[in-house]
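Novice: Take a look at what TrEMBL says about it:
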- 123-278: domain 'Amino acid permease/ SLC12A' (DOMAIN)
- 395-660: domain 'Amino acid permease/ SLC12A' (DOMAIN)
- 674-791: domain 'SLC12A transporter C-terminal' (DOMAIN)
- 793-1047: domain 'SLC12A transporter C-terminal' (DOMAIN)
- 117-138: transmembrane segment (TRANSMEM)
- 150-170: transmembrane segment (TRANSMEM)
- 182-212: transmembrane segment (TRANSMEM)
- 233-252: transmembrane segment (TRANSMEM)
- 258-277: transmembrane segment (TRANSMEM)
- 393-418: transmembrane segment (TRANSMEM)
- 438-464: transmembrane segment (TRANSMEM)
- 476-502: transmembrane segment (TRANSMEM)
- 538-570: transmembrane segment (TRANSMEM)
- 582-603: transmembrane segment (TRANSMEM)
Amino acid sequence: MSQSNITQFLCWNYVVCPVYHEINSDWADKYSRGVFFLLFCCLPGDVTPRESSPFINNTDQDQENYYDGKNMALFEEEIESNPMVSSLLNKLVNYTNLTQGVTEHEEYENEEGSPQMGTFIGVYLPCMQNILGVILFLRLTWIVGTAGILESFAIVVMCCTCVTGGSYYMISRSLGPEFGGAVGLCFYLGTTFAGSMYILGTIEILLTYIVPNAAVFVAEKKEGEAEAMLNNMRVYGTCCLALMALVVFVGVKYVNKLALVFLACVVLSIMAIYAGVIKTVIEPPDFPICLLGNRSLQNHNFEKCVKTEVIKNVTYTTKLWELFCDSHHLNATCDEYFTLNNVTEIQGIPGLLSGVIKDNMWGDYGPSGMLVEKKRQSSVPAQDNSRDIYMPYVFNDISTFFTLLVGIYFPSVTGIMAGSNRSGDLRDAQRSIPFGTILAIATTSFIYMTCVVLFGACIEGVVLRDKFGDSVKKNLVIGTLAWPSPWVIVIGSFFSCCGAGLQSLTGAPRLLQAIARDGIVPFLQVFGHGKANGEPTWALLMTAGICEIGILIASLDAVAPILSISLSVWKPISHFYSSSPTLSFLGMSLCVSLMFISSWYYALVAMSIAGCIYKYIEYRGAEKEWGDGIRGLSLNAARYALIRLEEVQPHTKNWRPQLLVLLKLDSDLGVKHPRLLSFTTQLKAGKGLTIVSSVLEGTYMTLGAEAKSAEQNVKSAMHAERTKGFCHVVVSSNLRDGFSHLIQSAGLGGMKHNAVLMAWPGAWKQAEDSYPWKNFIETVRETTSAHQALLVAKNIDKFPSSEDRLGEGTIDVWWIVHDGGLLMLLPFLLRQHKVWRKCKMRIFTVAQMDDNSIQMKKDLQMFLYHLRLNAVVEVVEMHDSDIAAFTYEKTLVMEQRSQMLKQMQLSRNEREREAQLITKLGTKSHGNLNDNATATPDHRVHMTWTKDKLITEKNRNRSEPNVGVKDLFNMKPNQSNVRRMHTAVKLNEVVVNKSQGAQLVLLNMPGPPKTKGGDENYMEFLEVLMDGLDRVLLVRGGGREVITIYS
């Protein structure tokens, strides 16, 4: 186009009308942007145009506003409610799926940049610290010695296999408020008692191995030592709890600062154990133990393992003699067993190559007070054992059996939530949490399993069964194996238990606060309050009070089973809702078994508490609706579930297309398009709600039998196409009202459809009357008014049957406007079916001049990443361009045809002749325009239209034929229709270019006009939009979100 902006074109009466415009700055700006205009001349007829136009007597400003955004004019009426995809992606660019946690004021103010913790630092190491704790250092050697290597290995494997992850937030949002509240409180109690266990472990290490002289209560008699120790644990445990609670109250940041120290202690302790095992091969450590007969002795009160010793030919008694005899004289009265048996000294750590593994292979259970004896060691039994309790033997302090050991060991594998609790500090939580947690579970399981074998292979059995190390001079048993010193393990285990206790006192109050703030347990709401920065003050006090109960129990072995039940009571539920039914059932069975193996009475109490909480929340109404799995499963329930579903709207995470399929029947009352049922089967896969319906025109009194026959035919077709759902054929005075009634009233209670599926009326142009396309448009309007989605399949008979298997191909999604995300969901559901399984998903979206296409592509890829959809993303740029002559002509033909059918009640043949005439004239006009443009590209005619010239041109054509359609020729295309047709043509060109070979094309379906005057034009727009495509599914959302990236 030249800068003089001369444009020539043909009117319908073949008159060339040159139009001249001076070049001004506005036109120059548009020309520089590559926006061109095709100018229509005035037509013969009235001098004054029927409507305002940009061509005659119009300002440049009006022209500029008129052409703004014409690429998306087809969707302009819905932009406010259904934004463009570029606008949606711009809002999602800063999305994070991390749950917000409590942040200290000081940390919040000093926070800079985004989280940078990776999988190793943020998830792997914290999980390692929490899993490798008090049980490993204080009880694992005792468990190996008591249960034997084989049974201990079975305990470790069983508990590690049962481990599963999940916090209150994930449980409640997955299983609903009832289950969430019940198992959340059990999880809270377990975390609180875990704090008690860690504190008791800390005090046990302190009073037994570090400063045993710090005991407040000292037993005067040997039989009172156990009770004195429990009282010391209560006193020091309460003080330690108060100190830790104060630290947590002052600020979590201090706990976080100490976390690295605690973590380093755990790592160094583990390294010291493995180093000690290696050293036993070269030089076993020197930890002799003293045996009297086959009985192990407490050797912290004597140095030499002999009854008497000879010094300068004189025999003297030893300290050991004095422990068993009434005096130090050789003629003193001694214990019978002491007299009958000799004293033997053996090495407590014989080493990895000693072969002691054979003796430690099997268990040695016994009652409380049973003596710890060496297997295969000869001894002479005594007849009177009544005074054995007063002798310095090593005893079992509790009765031992397999289920008890399971309950004691199980808490050691429940620390896997440490990574999830740090999700706010992770660079990529979605990847780091599962990968880091599974890696930590695998690593710690390996450590526990190898430790079981190595302990049994390196340490003497009587030492393993010595819980408190009395036979090795009050050393920590696992410390005797460590290198370079037992103090490495003692100090490391002490700080490890301290750190784990602080972590429990930090996490448990926040868990209680989360439950309280959700409001599902009303009497707990007071614990939802805290300090100004969100710290759960009241929840911390409650946690400390419950933790004190565990402290008062004072026995680590008694608290551990309580902890096991509390932390495992929710696991059967989470396993039950897993993705694999077989693995879920096995996991659930294993969890239930472990609960009752650990302690059947504790299991019953815990399950009773959980059940009471569940019923309480259910009774109170469970007002929270989080889109949980229970709500989804309720769709398949009976009257009770229907009533429950009717009370609340389904959550976005539960949204699935519950289809109302509108079928058309032939003259024999058979299904005209059975492939519509095939597509329904492929989309639904037998899940959710499907209502297949049709309408017979007439009265039910006369067509009742036909309706039943038609319903049977539809059911037969559904059975043949394997469509699972309900069938409903209604009789109405007209099809329009029948479809309206179905859309309004199909379904029952909560089992109602939210989407309508129908076939495109392909022969609407050839129909004898306008009812088919008018019914179609009214159906579109009614689904929109009812906030229901609409799916319209074009060329439905070309869609694959359920027996077909599509090979390599693509499902192309053209995402123009965002009306709820149904376009994203449909390909995902289709690809679950074997027909479409091999098809790849491609998503196209349109960028206009003001959009950053590169950024749009990145945002869309991130959006799909959060949705976990695997699709190829492509952004198509559609810049503003001049409206082609073909678009004007096509719009004019459309309007002339519409006007002609309205104003002239012609016979069918006459209508066809008129339509053919107009089409012929339009084609010829278009051809002449191209010829003239080619013949005289540089010809410039400077002419300005005036009123006199217009009247002269009009009078010149009055004598010409075709006066009957003169007014039609005088028509000018409606500006709005031109813009819509431009959108349809340009978008169709892009779609055909990219997706002509696709197996299925999904398009946003633009809404019908608000007034019924342009209904036939709307059908033409859709026809142009889908031209040249074989399988098309027009999708119109229901106005609500159906997909979510939020957990």
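A Cβ is built for glycine as well, from the same backbone N, Cα and C atoms used for every other residue.
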Novice: If we skip the immediate neighbours and take only residues 6+ beyond the ends of the transmembrane segment (438-464), which ones have a Cβ under 8 Å from one of its Cβ atoms?
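Specialist: Cβ under 8 Å, 6 or more out: 119, 123-124, 127-128, 131-132, 136, 140-142, 144-146, 148-149, 152-153, 156-157, 160, 163, 270, 273, 277, 280, 287, 289, 291, 296, 346-352, 354, 356-357, 359-361, 364, 372-375, 394, 412-413, 416, 419, 471-472, 477-478, 480-481.
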Novice: Using a Cβ cut-off of under 8 Å, list the residues of the same chain at least 6 residues beyond the transmembrane segment (538-570) that approach it.
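Specialist: Residues packing against the transmembrane segment (538-570) from afar: 134-135, 138-139, 162, 166, 171, 179, 182-184, 186-187, 189-197, 199-201, 204, 230-231, 233-234, 237-238, 241-242, 245, 248-249, 398, 404, 406-411, 414, 505, 508-510, 512-513, 516, 526-530, 591, 594-595, 598-599, 602-603, 605-607, 610.
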Novice: Where else in the chain does the transmembrane segment (117-138) make close Cβ contacts, counting only residues six or more beyond its ends and a cut-off under 8 Å?
Specialist: 197-198, 201, 204-205, 259, 262-263, 266-267, 269-270, 408-409, 411-419, 421-422, 425-427, 431-433, 435-437, 439-441, 443-444, 447-448, 451, 476, 478, 489, 492-493, 496-497, 499-500, 503, 556, 560
Novice: Output the single range from 182-212, 233-252, 258-277 maximising the number of Cβ pairs under 8 Å to the transmembrane segment (393-418).
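Specialist: The stretch with the most contacts is 182-212.
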Novice: Report the DSSP secondary-structure composition of the domain 'SLC12A transporter C-terminal' (674-791) as helix, strand and coil residue counts.
Specialist: 57 helix, 25 strand, 36 coil
